[in-house]
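Asker: First, the structure itself, so that you have it in front of you.
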């Protein structure tokens, strides 16, 4: 910028930086607050003295979590879910998106399949019938109930499909003339060219699995099988609701037990993986989102 | 090309095989449960089964339409979804424009990266944080007290809770659309700006005459598509955060159906309410896609 | 933390409430039961061990052990009770699912939709009606006749009629576990220490009529009780739950001879609903006047006493109020927390409020609220339910006994103190235990008795907690927890004593209806919601009281008339 900034421009620049800083802070401060709470002595936390740095630094909450085991047990389930779930999801996304990316001229039944999948985006049977189906498949209380019902994500398939469509036809034709099968074209030509899209879908899929909680709560038969997010969600719900069902004495007992430091330490631990993974993949996924969301 | 018919058939077979796993899973987990819709036309008694339960026609629909809390939930759904949809476009749009005006690239990247973080947090996590922060003895009230104000019971207040639901949802999602808009802004042909500068147009004029018109298509598109989801006001968020006291202002169709069907075990009435929602939703989505197609030639499939 | 645990334990002890025949030998308990074909008495049958293991499929909603020191290895499936049931009766409990209490109804609803019922389950009245009408519940008639004992009857049929609520066409489909009817009555607590300033020295100086009460409130308005430097702050705690048992309107409705829910006989054999009568209108008119005067917080309707960290409760604890309406238990929470802050606080139950000095007729239920234990129709051994209940009675009474406790290993003690034995799919709670214990301790007090043997003690384990509180208060304890127990359970000016007095001396209207009619299943929730919002809005003056007739008409139209017709039909054919 060679042109000299006018006075109003300078004022605007300052204003702009202030506003954006505030918005940025709104995303950072809650995390800092939670971290500070988790590292504070529980009485200081309960008294509301903690803001963005620990008061009476204490690792008690984390020690408690390590001793209590149930939280880390649920983290273990979540890790397994992320690994297995993401592999299966990505595999199905790629496999399903490829045929659908063909035009109906090249793949006669393409539109029928598309309609078959698209319908499920608009209408569902609801929770109860789904529960009945899962029950009759004997999937209830099984790890696979966290993976299989959501294994085909039509939205992600569509994003991938649109990305595939953006790959120049010439590439595909050249491979076909060389005698390559669809499998070879998909894995040797398309996939290497789709890394940004794959990376962003992978990120979203992994985080989706890490964050899902409703299925765990609904389909599992005991809290020991809950993934981490369900573990946390039920804790919030339990503190927040249904309190009316408790006797006053139980309520008093529960209020005395609710420990801000422990709750905060769980919250903080559960976001660490996201904070770690995100910066590495962010380069890719910004490209991926833009390509997937809006087609030219 | 014509010489390869045989090969084509073989090739099509491969495509069918590729689709097979997804087709099977979809049949089982999406199509099979659709059979449960018949419940909406029955007085479904689970221990008697679908066959022996009484058929009641549209009685369940009449029943839910007679419930004041159904209409309350429907109204809340529209209000909450409307504000969520519009604000989650407006706020990121403003942020993207502000970011675009930034000179320092490092700061720009920092902001962009940071505001995306909440997008990745589960409501299970954010719910806990929000309750912690908005609690009567939480951080926000602490701040209000410092400024000399009285604590506000945000979480049990029908005056505040809906705003908190909308605000936190917009806040959580703002990073995503900001990145999207920023990318669109960066894609604007730079020669347009150069030409404008030659003509002596200031930053403000450039913004009004070039940037906004260039991305307006995208903004309109996102709005239209968003409005298709007007009946989805965010089940997970509200389910985690709400409590009986604020039901009046934040109960939505989805939470209503959940309580009616699963907690009160009025399966048929819940199925009817769910089906009603699906059908109305489909109409909204259909219309919004149609408008999107007509105005911007956008196609999803 | 230690302190917290102590509070927890005592709190839980009393919320759990168990009953047993203390250390009385079961076999020697005198009963009038018939013997069976095999020639065995019910007592013998109850403790008889099955030859072949009997598997019982159950489900459970539970909370984490209240004692945080409970080892992780103690789970619902590994607790001593489960092991002993296997050892002593050869009954194997199999948990189909175990969730936190808060996910219970969700899981139960989903499982029921899929057609699954556990072998033994606890149900609400509505669920009972629903499942029974679908043919899902098993017939308990025969098992009950063979296995009934006085101890079991004292729980499931304590008044000789409650069991009939679970009979359909002469067959027994469930066991009712209710509560003492008097628990629906309301009281008003006064902090005599704060009221001294207004010249009130004795309980007899406290108001007995609404007019006197209002005069007292006016005087309080002119005081600055919380010391925030201004007068005119609210003087009566109130919250959205008009009948919630703490900071509610129950005592005022009671004075006006009305109540929120209930159907009573108008004297001509017709049932009428209490809250659509003129008396309710009068009560609301008065409450609205009080609201306008500033007795209640302006935003009281947004308050929920049961919400975590409820501001209204903090205010009570902080001592902002000298008058608190509530139920018999509030000394045990939250008044004890107030006592902790302010050891000078001197809470007593005041006289029952009346409109004109004449004692009000109170509305009480024919059958008090409670839960029903039932078995699935597919369960092959319905008698196992009675065996398990009987076993629990003995076990819970045994481990509550201080003498027995002394001989426990530390692990056993830890487990007993965690109340994990409540993790069983049925409940055994003696409805009359509060009254029995109060009467027993008052008698002991009269004769100056301070030593009680397990044989003399009332046959419920709640007794020991109340007894200990009594002894400690006698020895000048200042522990607020002890004070809370004592004031709610034992003190002659306390909760149970005054509740008992009011209930036994009052004229009563009986809320006859304990059935659930089809329209109730569908519309009661909506009706209640409509009623609550309208009444709250009338108190706050947002809806004029003159709209009361409109409310009644609308209420009838929303389903009230249908319900009225149904309950009258049922009442006449009863």
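Backbone N, Cα and C atoms are what each Cβ position is placed from, and that goes for glycine too.
Annotation comment: TrEMBL describes A:71-281 as domain 'ABC transmembrane type-1'. As annotated by TrEMBL, transmembrane segment applies to A:71-101, A:113-131, A:143-164, A:185-210, A:267-286.
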Asker: I'm a bit unsure how to read this: which one of A:71-101, A:113-131, A:185-210, A:267-286 has the highest number of Cβ pairs shorter than 8 Å with the transmembrane segment (A:143-164)?
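Answerer: The stretch with the most close Cβ contacts to the transmembrane segment (A:143-164) is A:71-101.
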Asker: Please tell me whether the transmembrane segment (A:185-210) and the transmembrane segment (A:113-131) touch - that is, whether there are at least 3 C-beta pairs under 8 Å between them, with each pair 6 or more apart in sequence.
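Answerer: Judged by the Cβ rule, the two regions do not touch, with the required three close pairs absent.
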Asker: Looking only at residues six or more beyond either end of the transmembrane segment (A:267-286), which have a C-beta under 8 A from one in the stretch?
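Answerer: Same-chain residues near the transmembrane segment (A:267-286) but 6 or more away: 31, 34-35, 38, 65, 71, 75, 195-196, 199-200, 202-204, 206-207, 210, 228-229, 232.
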Asker: How about long-range neighbours of the transmembrane segment (A:71-101): same chain, 6 or more residues beyond its ends, C-beta under 8 Å?
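Answerer: Distal contacts: 65, 107, 110, 113-114, 117, 143, 146-147, 150-153, 156-158, 160-165, 182, 186, 190-191, 198, 201-202, 205-206, 209-210, 224-231, 266, 269-270.
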